[in-house]
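Heads up, the thing below is written out as structure tokens.
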């Protein structure tokens, strides 16, 4: 059965406009707190009256559009901040420009390079004006320095946020591309396995059915043997197809029926039922192969034997498994009159080469010296211990 998918609880994220509204309310509260909870504005010396606070709600409202138009919002907030602090920046009830900090952060995080250049230019001009105020002794150094540090900090935080978001987007895109490539690889693998399984089984069934039709009246016992071989080939193909479909149902089932080196003897035996003499020779001490290399060895022999049945005609076939310290060499050689290719323009041979390459091996093909026969050889690496 398929493995249950773990369900991760999704973190609650407020809608962007609701979040921006909360930010605007927080900025409004921070700017109006001195007016509401202190008596400083009632002092005639300070000269602050209620109408001088009108830029504050305007700045808060402007922040509602900080995502849609970050640069215009920054320019508007800067203009309103100047109106707010123009009478006397050093005696303003709220000396921290919260709205400017939010707008500067948003511009750094959301704007493109050109808009950021304009924003930096405007901030640089205002900074120069502040510096001139220090020279002319119209602005205190504490107020100017604090504002400069806060704005620069907000800008840096915005750029860091933009970098983090860009990295997250790139990682999501790479993950999506890798998922697409994985699906494409799996589809290719399933298509190739289906071709090998059904191609081999159907070739054996066709040859055995043709042989049975010839002897059904003259040698009923041989016809019965052919029919049993057909049934055996069909059952074997069904078993392998079920194992292949197990990839969609759960990895455990697919692994339990994965083709392996011992199954090559069954391929040899099944091909032998078609009337050809098929031999299997194993040399060397069997070593360890990776799972994909074992599957490749099995499928390479399967495809090579399929080509023999379809194209070589009456032929003797030799299957060799030559084990060495660095891996396994698989070869299938026949002395028939075929070309080794199939009716699909050599797709089977292409599949053999791709299978060998996928597990780090190589595959080669050659004709017999006198123009008869065909040889397939694949070298597959051993598993590193």
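Note: Cβ is positioned from N, Cα and C throughout, glycine not excepted.
Taken from TrEMBL, the feature transmembrane segment applies to 48-65 (among others).
Per TrEMBL, the feature transmembrane segment maps to 117-137 (among others).
Per TrEMBL, the feature transmembrane segment maps to 143-162 (among others).
The average pLDDT computed over the domain 'Histidine kinase/HSP90-like ATPase' (292-384) stands at 82. For 292-384, the entry in TrEMBL reads domain 'Histidine kinase/HSP90-like ATPase'.
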- Note on the structure: Taking DSSP H, G, I as helix and E, B as strand, the domain 'Histidine kinase/HSP90-like ATPase' (292-384) contains 33 helix, 31 strand, 29 coil
